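Student: Supplied in C-alpha coordinates, the structure appears directly below.
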Amino acid sequence: MTSRFSRRWVSCTHNGCQNSASQTAEHGVNPLSSTPGIDNRPAHAFPAALVAALREARHVVLLSGAGVSAESGVPTFRDAMTGLWSRFDPAELATPEAFERDPELVWGWYEWRRMRALQAQPNPAHLAIAGMSDHLPQLTLVTQNVDDLHERAGSDTVIHLHGSLHQPRCATCGRSHAFPDEMPNEPEGGRRLPPPRCTRCRGLIRPGVVWFGESLPEGAFYQAQEAAENCDLLISVGTSSLVYPAAGLPHLAKAHGSQLIQINPQPTNLDGHATWNVVGAAGQILPALVAAAWGSTRAQYHPGGLPACADDSQ
Ligand code: APR
(Lines of atoms letter the chains of each structure in order from A and count residues from 1; the text may use other names and numbers.)
(Lines give C-alpha, C1' and ligand atoms only; values in the text may rest on other atoms or scores of the structure.)
Protein backbone atom coordinates (compact mmCIF):
# COMPACT_ATOMS: atom_id res chain seq x y z
CA MET A 1 0.00 0.00 0.00
CA THR A 2 1.67 3.22 -1.08
CA SER A 3 0.69 6.23 0.96
CA ARG A 4 -0.58 9.39 -0.76
CA PHE A 5 0.94 11.74 1.72
CA SER A 6 4.59 12.04 2.74
CA ARG A 7 4.98 12.76 6.38
CA ARG A 8 6.06 16.29 7.24
CA TRP A 9 6.84 18.21 10.35
CA VAL A 10 6.55 21.97 10.46
CA SER A 11 8.35 23.49 13.46
CA CYS A 12 7.00 26.81 14.66
CA THR A 13 9.15 29.99 14.64
CA HIS A 14 6.70 32.18 16.63
CA ASN A 15 7.84 33.10 20.14
CA GLY A 16 6.73 30.51 22.67
CA CYS A 17 4.45 28.80 20.18
CA GLN A 18 4.96 25.04 20.09
CA ASN A 19 2.74 24.33 17.11
CA SER A 20 3.65 21.90 14.40
CA ALA A 21 1.70 20.02 11.76
CA SER A 22 2.25 16.70 10.11
CA GLN A 23 0.60 14.83 7.31
CA THR A 24 0.50 11.18 8.16
CA ALA A 25 0.62 8.38 5.69
CA GLU A 26 -2.72 6.58 5.29
CA HIS A 27 -1.65 3.68 7.45
CA GLY A 28 1.14 5.61 9.12
CA VAL A 29 2.93 4.93 12.34
CA ASN A 30 2.44 7.50 15.04
CA PRO A 31 4.37 10.54 13.78
CA LEU A 32 4.90 11.62 17.35
CA SER A 33 6.88 8.47 18.10
CA SER A 34 9.16 8.60 15.06
CA THR A 35 11.66 11.38 14.38
CA PRO A 36 10.97 12.74 10.92
CA GLY A 37 13.13 15.50 9.48
CA ILE A 38 12.38 18.95 10.85
CA ASP A 39 11.04 21.29 8.17
CA ASN A 40 11.68 24.97 9.01
CA ARG A 41 8.95 26.53 6.96
CA PRO A 42 7.09 29.25 8.92
CA ALA A 43 4.61 27.94 11.48
CA HIS A 44 0.94 27.71 10.66
CA ALA A 45 1.85 26.93 7.12
CA PHE A 46 -0.69 24.14 7.21
CA PRO A 47 -0.46 21.60 4.43
CA ALA A 48 -2.34 23.00 1.45
CA ALA A 49 -4.43 19.84 1.21
CA LEU A 50 -5.53 20.28 4.82
CA VAL A 51 -6.58 23.88 4.25
CA ALA A 52 -8.37 22.94 1.03
CA ALA A 53 -10.19 20.10 2.78
CA LEU A 54 -11.52 22.58 5.35
CA ARG A 55 -12.30 25.37 2.88
CA GLU A 56 -14.09 23.00 0.48
CA ALA A 57 -15.85 20.89 3.11
CA ARG A 58 -19.59 20.43 2.67
CA HIS A 59 -20.20 19.24 6.24
CA VAL A 60 -17.67 19.40 9.08
CA VAL A 61 -18.07 17.65 12.42
CA LEU A 62 -15.96 19.17 15.18
CA LEU A 63 -15.49 16.90 18.21
CA SER A 64 -14.10 18.79 21.19
CA GLY A 65 -12.70 17.61 24.51
CA ALA A 66 -11.36 19.07 27.72
CA GLY A 67 -8.23 20.36 25.96
CA VAL A 68 -10.31 23.04 24.23
CA SER A 69 -11.23 24.54 27.62
CA ALA A 70 -7.77 24.07 29.13
CA GLU A 71 -6.58 27.51 27.98
CA SER A 72 -9.62 29.01 29.76
CA GLY A 73 -8.31 27.58 33.03
CA VAL A 74 -10.74 24.65 33.19
CA PRO A 75 -8.66 21.59 34.15
CA THR A 76 -8.67 18.63 31.78
CA PHE A 77 -9.20 15.12 33.14
CA ARG A 78 -6.11 13.17 32.26
CA ASP A 79 -3.30 15.66 31.89
CA ALA A 80 -0.65 14.47 34.33
CA MET A 81 -0.61 16.39 37.60
CA THR A 82 -3.01 19.05 36.38
CA GLY A 83 -5.84 16.85 35.21
CA LEU A 84 -8.71 16.30 37.62
CA TRP A 85 -8.15 12.56 37.65
CA SER A 86 -4.58 13.10 38.89
CA ARG A 87 -6.03 14.79 41.96
CA PHE A 88 -9.39 13.07 42.40
CA ASP A 89 -10.45 9.49 41.87
CA PRO A 90 -13.20 9.37 39.22
CA ALA A 91 -14.63 6.23 40.83
CA GLU A 92 -15.01 8.23 44.02
CA LEU A 93 -16.70 11.18 42.33
CA ALA A 94 -18.06 10.49 38.83
CA THR A 95 -20.26 7.39 39.17
CA PRO A 96 -23.87 6.85 40.30
CA GLU A 97 -22.50 4.55 43.02
CA ALA A 98 -20.28 7.33 44.36
CA PHE A 99 -23.28 9.68 44.56
CA GLU A 100 -25.33 6.98 46.26
CA ARG A 101 -22.52 6.38 48.76
CA ASP A 102 -21.62 10.00 49.54
CA PRO A 103 -23.87 12.61 47.87
CA GLU A 104 -22.33 15.50 49.82
CA LEU A 105 -18.80 14.71 48.61
CA VAL A 106 -19.94 14.41 44.99
CA TRP A 107 -22.26 17.43 45.02
CA GLY A 108 -19.57 19.64 46.62
CA TRP A 109 -17.04 18.62 43.99
CA TYR A 110 -19.39 19.37 41.12
CA GLU A 111 -20.30 22.76 42.64
CA TRP A 112 -16.58 23.56 42.70
CA ARG A 113 -16.25 22.55 39.01
CA ARG A 114 -19.36 24.57 38.13
CA MET A 115 -17.83 27.59 39.86
CA ARG A 116 -14.58 27.14 37.89
CA ALA A 117 -16.50 26.84 34.64
CA LEU A 118 -18.56 29.98 35.38
CA GLN A 119 -15.41 31.93 36.28
CA ALA A 120 -13.74 30.89 33.02
CA GLN A 121 -14.01 32.79 29.73
CA PRO A 122 -14.15 31.33 26.25
CA ASN A 123 -10.67 31.27 24.68
CA PRO A 124 -9.62 31.82 21.03
CA ALA A 125 -10.28 28.13 20.29
CA HIS A 126 -13.94 28.50 21.29
CA LEU A 127 -14.17 31.75 19.30
CA ALA A 128 -12.60 30.23 16.20
CA ILE A 129 -14.99 27.26 16.35
CA ALA A 130 -17.95 29.62 16.68
CA GLY A 131 -16.62 31.58 13.69
CA MET A 132 -16.26 28.48 11.54
CA SER A 133 -20.02 28.23 11.16
CA ASP A 134 -19.93 31.56 9.31
CA HIS A 135 -17.87 29.94 6.57
CA LEU A 136 -19.07 26.34 6.36
CA PRO A 137 -22.25 25.08 4.66
CA GLN A 138 -22.74 22.82 7.69
CA LEU A 139 -20.87 22.51 11.00
CA THR A 140 -21.91 20.00 13.65
CA LEU A 141 -20.28 20.78 16.98
CA VAL A 142 -20.12 17.76 19.28
CA THR A 143 -18.52 18.19 22.69
CA GLN A 144 -17.58 15.95 25.57
CA ASN A 145 -17.23 19.06 27.73
CA VAL A 146 -19.76 19.81 30.44
CA ASP A 147 -18.99 23.55 30.56
CA ASP A 148 -20.88 26.14 28.48
CA LEU A 149 -17.86 27.86 26.93
CA HIS A 150 -18.81 26.92 23.37
CA GLU A 151 -22.21 28.54 23.83
CA ARG A 152 -20.70 31.61 25.51
CA ALA A 153 -18.32 31.94 22.55
CA GLY A 154 -21.31 32.14 20.20
CA SER A 155 -21.80 28.55 19.03
CA ASP A 156 -25.56 28.24 18.86
CA THR A 157 -25.96 24.48 18.39
CA VAL A 158 -23.76 22.35 20.62
CA ILE A 159 -24.36 18.60 21.07
CA HIS A 160 -23.30 17.77 24.65
CA LEU A 161 -22.50 14.06 24.78
CA HIS A 162 -21.58 14.04 28.46
CA GLY A 163 -24.27 16.39 29.74
CA SER A 164 -23.78 19.77 31.38
CA LEU A 165 -22.73 21.15 34.77
CA HIS A 166 -25.52 23.71 34.37
CA GLN A 167 -28.45 21.29 33.99
CA PRO A 168 -28.99 19.50 37.33
CA ARG A 169 -31.98 17.23 37.83
CA CYS A 170 -33.66 15.13 40.47
CA ALA A 171 -31.95 11.77 40.87
CA THR A 172 -35.33 10.17 41.68
CA CYS A 173 -37.96 11.70 39.37
CA GLY A 174 -35.68 13.34 36.81
CA ARG A 175 -37.25 16.75 37.14
CA SER A 176 -34.84 19.53 36.14
CA HIS A 177 -33.66 21.84 38.87
CA ALA A 178 -32.79 25.54 38.60
CA PHE A 179 -29.59 26.83 40.20
CA PRO A 180 -29.72 30.13 42.13
CA ASP A 181 -28.35 33.06 40.06
CA GLU A 182 -25.40 33.89 42.29
CA MET A 183 -21.98 32.44 41.57
CA PRO A 184 -21.12 29.45 43.76
CA ASN A 185 -18.44 30.31 46.30
CA GLU A 186 -16.53 27.06 46.83
CA PRO A 187 -13.08 26.51 48.37
CA GLU A 188 -10.31 25.17 46.08
CA GLY A 189 -10.92 21.50 45.37
CA GLY A 190 -14.44 21.66 46.76
CA ARG A 191 -15.97 20.73 50.11
CA ARG A 192 -18.73 18.46 51.29
CA LEU A 193 -22.06 20.07 50.41
CA PRO A 194 -25.54 18.61 50.79
CA PRO A 195 -27.32 18.51 47.42
CA PRO A 196 -30.60 20.43 47.24
CA ARG A 197 -33.90 18.54 47.31
CA CYS A 198 -36.35 18.17 44.44
CA THR A 199 -39.33 20.50 44.80
CA ARG A 200 -41.66 17.74 43.50
CA CYS A 201 -40.57 14.49 45.15
CA ARG A 202 -37.94 15.62 47.72
CA GLY A 203 -35.39 13.41 45.97
CA LEU A 204 -31.72 14.49 45.87
CA ILE A 205 -30.67 16.80 43.03
CA ARG A 206 -27.75 15.37 41.04
CA PRO A 207 -25.34 17.03 38.56
CA GLY A 208 -26.60 16.96 34.95
CA VAL A 209 -23.47 15.18 33.69
CA VAL A 210 -23.07 11.64 32.32
CA TRP A 211 -21.24 9.55 34.88
CA PHE A 212 -19.07 6.55 34.14
CA GLY A 213 -21.29 3.55 33.58
CA GLU A 214 -24.23 5.70 32.48
CA SER A 215 -25.58 5.94 28.95
CA LEU A 216 -25.13 9.04 26.87
CA PRO A 217 -28.20 11.15 26.20
CA GLU A 218 -29.81 9.09 23.41
CA GLY A 219 -30.80 11.92 21.16
CA ALA A 220 -27.44 13.63 21.44
CA PHE A 221 -25.43 10.51 20.58
CA TYR A 222 -27.77 9.60 17.73
CA GLN A 223 -27.31 13.10 16.26
CA ALA A 224 -23.52 12.85 16.63
CA GLN A 225 -23.40 9.45 14.96
CA GLU A 226 -25.56 10.62 12.10
CA ALA A 227 -23.38 13.65 11.55
CA ALA A 228 -20.20 11.54 11.66
CA GLU A 229 -21.64 9.22 9.00
CA ASN A 230 -22.53 12.14 6.72
CA CYS A 231 -19.65 14.58 7.08
CA ASP A 232 -16.68 14.92 4.75
CA LEU A 233 -14.31 16.23 7.38
CA LEU A 234 -14.09 15.54 11.12
CA ILE A 235 -11.88 17.68 13.35
CA SER A 236 -11.00 16.06 16.70
CA VAL A 237 -9.56 18.68 19.03
CA GLY A 238 -8.40 18.56 22.63
CA THR A 239 -9.48 15.03 23.44
CA SER A 240 -7.42 12.03 24.55
CA SER A 241 -9.69 9.79 22.42
CA LEU A 242 -9.91 7.33 25.30
CA VAL A 243 -13.53 7.52 26.39
CA TYR A 244 -16.07 5.62 24.29
CA PRO A 245 -18.50 5.86 22.65
CA ALA A 246 -17.42 9.48 21.89
CA ALA A 247 -13.94 8.31 20.88
CA GLY A 248 -15.53 6.08 18.25
CA LEU A 249 -16.96 9.00 16.26
CA PRO A 250 -13.76 9.80 14.30
CA HIS A 251 -13.46 6.15 13.29
CA LEU A 252 -17.11 6.08 12.24
CA ALA A 253 -16.59 9.20 10.14
CA LYS A 254 -13.47 7.76 8.53
CA ALA A 255 -15.28 4.50 7.78
CA HIS A 256 -17.83 6.62 5.88
CA GLY A 257 -15.13 8.29 3.78
CA SER A 258 -14.44 11.40 5.83
CA GLN A 259 -10.98 12.90 6.30
CA LEU A 260 -9.75 13.48 9.87
CA ILE A 261 -7.84 16.37 11.35
CA GLN A 262 -6.57 15.88 14.90
CA ILE A 263 -5.38 18.86 16.97
CA ASN A 264 -3.60 17.99 20.21
CA PRO A 265 -0.24 18.87 21.79
CA GLN A 266 0.16 15.24 22.84
CA PRO A 267 -0.06 11.90 21.05
CA THR A 268 -3.35 10.00 21.24
CA ASN A 269 -4.77 6.75 19.95
CA LEU A 270 -6.11 8.63 16.95
CA ASP A 271 -2.66 9.57 15.58
CA GLY A 272 -2.31 6.64 13.25
CA HIS A 273 -5.86 7.09 11.92
CA ALA A 274 -5.87 10.83 11.29
CA THR A 275 -5.30 12.22 7.80
CA TRP A 276 -3.52 15.14 9.46
CA ASN A 277 -2.14 15.40 12.98
CA VAL A 278 -1.66 19.00 13.99
CA VAL A 279 0.45 19.11 17.13
CA GLY A 280 -0.27 22.16 19.23
CA ALA A 281 -2.63 24.08 21.47
CA ALA A 282 -6.19 24.55 20.26
CA GLY A 283 -6.16 28.24 21.21
CA GLN A 284 -3.33 28.84 18.77
CA ILE A 285 -4.02 26.30 16.06
CA LEU A 286 -7.74 26.86 15.48
CA PRO A 287 -7.53 30.66 14.96
CA ALA A 288 -4.61 30.07 12.58
CA LEU A 289 -6.52 27.38 10.73
CA VAL A 290 -9.53 29.65 10.29
CA ALA A 291 -7.20 32.38 9.06
CA ALA A 292 -5.48 29.99 6.65
CA ALA A 293 -8.80 28.79 5.25
CA TRP A 294 -10.81 31.98 5.13
CA GLY A 295 -8.70 34.90 6.33
CA SER A 296 -9.73 36.25 9.70
CA THR A 297 -10.63 39.26 11.75
CA ARG A 298 -7.32 39.56 13.66
CA ALA A 299 -8.94 40.88 16.79
CA GLN A 300 -11.21 37.89 17.16
CA TYR A 301 -8.92 35.05 16.24
CA HIS A 302 -5.35 36.09 17.06
CA PRO A 303 -4.90 36.35 20.84
CA GLY A 304 -2.00 38.34 22.28
CA GLY A 305 -1.24 39.91 18.90
CA LEU A 306 0.21 36.77 17.29
CA PRO A 307 1.19 37.62 13.68
CA ALA A 308 -1.48 36.39 11.28
CA CYS A 309 -0.87 33.49 8.93
CA ALA A 310 0.46 34.02 5.44
CA ASP A 311 -3.07 34.70 4.16
CA ASP A 312 -3.44 37.95 6.10
CA SER A 313 -0.26 39.46 4.70
CA GLN A 314 -1.79 39.55 1.21
N1 APR B 1 -5.21 22.34 23.21
C2 APR B 1 -5.54 21.15 22.67
N3 APR B 1 -5.50 19.98 23.36
C4 APR B 1 -5.07 20.03 24.64
C5 APR B 1 -4.69 21.25 25.26
C6 APR B 1 -4.78 22.43 24.48
N7 APR B 1 -4.46 23.62 24.97
N8 APR B 1 -4.30 20.97 26.54
C9 APR B 1 -4.45 19.61 26.71
N10 APR B 1 -4.90 19.07 25.57
C11 APR B 1 -5.20 17.66 25.29
C12 APR B 1 -4.41 16.65 26.10
O13 APR B 1 -3.20 16.33 25.46
C14 APR B 1 -5.36 15.46 26.13
O15 APR B 1 -5.14 14.60 25.01
O16 APR B 1 -6.54 17.47 25.66
C17 APR B 1 -6.75 16.10 26.00
C18 APR B 1 -7.59 16.06 27.27
O19 APR B 1 -7.88 14.72 27.52
P20 APR B 1 -8.82 14.30 28.73
O21 APR B 1 -8.38 15.00 29.93
O22 APR B 1 -8.84 12.82 28.73
O23 APR B 1 -10.23 14.89 28.31
P24 APR B 1 -11.32 14.31 27.30
O25 APR B 1 -10.69 13.57 26.17
O26 APR B 1 -12.22 15.40 26.98
O27 APR B 1 -12.06 13.24 28.28
C28 APR B 1 -13.16 12.55 27.80
O29 APR B 1 -13.54 11.57 29.96
O30 APR B 1 -13.34 11.90 32.15
C31 APR B 1 -14.24 11.80 31.15
O32 APR B 1 -16.39 12.74 30.99
C33 APR B 1 -15.04 13.07 30.98
O34 APR B 1 -15.70 14.15 28.94
C35 APR B 1 -14.63 13.57 29.62
C36 APR B 1 -14.14 12.31 28.92
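Any Cβ shown, glycine's included, is placed from N, Cα and C.
Automatic, uncurated: that is what TrEMBL annotation is.
Sharing the features that TrEMBL gives for it:
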DOMAIN    36-305  domain 'Deacetylase sirtuin-type'
BINDING   Tyr110, Arg113  substrate binding site
BINDING   Gln144, Asn145, Val146, Asp147, Gly238, Thr239, Ser240, Asn264, Pro265, Gln266, Ala282  NAD(+) binding site
ACT_SITE  His162  active site, proton acceptor
BINDING   Cys170, Cys173, Cys198, Cys201  Zn(2+) binding site
Student: Between the residue listed as 'active site, proton acceptor' and Val146 (NAD(+) binding site), what C-alpha distance do you get in Å?
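Tutor: For the residue listed as 'active site, proton acceptor' versus Val146 (NAD(+) binding site), the Cα atoms are 6 Å apart.
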Student: Which entry in the list of binding-site residues, Val146, Cys170, Cys173, has its Cβ near the fewest other Cβ atoms, using 10 Å as the limit?
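Tutor: Each of the binding-site residues Val146, Cys170, Cys173 was scored; lowest Cβ tally within 10 Å is Cys173.
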Student: Measure the Cβ-based neighbour count of His162 (active site, proton acceptor), defined as the other Cβ atoms within 10 Å of its Cβ.
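Tutor: Result for His162 (active site, proton acceptor): 20 other Cβ atoms within 10 Å.
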Student: Among the binding-site residues Cys198, Cys201, Ala282, point out the residue whose Cβ has the most other Cβ atoms within 10 Å, with all shown protein chains included in the count.
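Tutor: Sorting the candidates by Cβ neighbours within 10 Å, the top entry is Ala282.
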Student: Give me the CA-CA distance between Gly238 (NAD(+) binding site) and Cys198 (Zn(2+) binding site), in Å, as a whole number.
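Tutor: Checking the Cα atoms of Gly238 (NAD(+) binding site) and Cys198 (Zn(2+) binding site) gives a distance of 35 Å.
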Student: When the pLDDT values for the domain 'Deacetylase sirtuin-type' (36-305) are averaged, what is the result?
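Tutor: PLDDT averaged over the stretch: 91.
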Student: Of the binding-site residues Tyr110, Arg113, Cys170, Cys173, Cys198, which sits closest to Pro265 (NAD(+) binding site) by Cα distance?
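Tutor: Smallest Cα separation from Pro265 (NAD(+) binding site) among Tyr110, Arg113, Cys170, Cys173, Cys198: Arg113.
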Student: Cα of Cys170 (Zn(2+) binding site) to Cα of Tyr110 (substrate binding site): how many Å, rounded?
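Tutor: Approximately 15 Å lies between the Cα of Cys170 (Zn(2+) binding site) and that of Tyr110 (substrate binding site).
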Student: Do you know offhand how many angstrom separate Cys198 (Zn(2+) binding site) and Tyr110 (substrate binding site) by C-alpha?
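Tutor: So the Cα of Tyr110 (substrate binding site) lies 17 Å away from that of Cys198 (Zn(2+) binding site).
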Student: Here's one to test understanding: among the binding-site residues Tyr110, Arg113, Val146, Ser240, Ala282, whose C-alpha is closest in space to the C-alpha of Cys201 (Zn(2+) binding site)?
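Tutor: Of the binding-site residues Tyr110, Arg113, Val146, Ser240, Ala282, Tyr110 has its Cα closest to that of Cys201 (Zn(2+) binding site).
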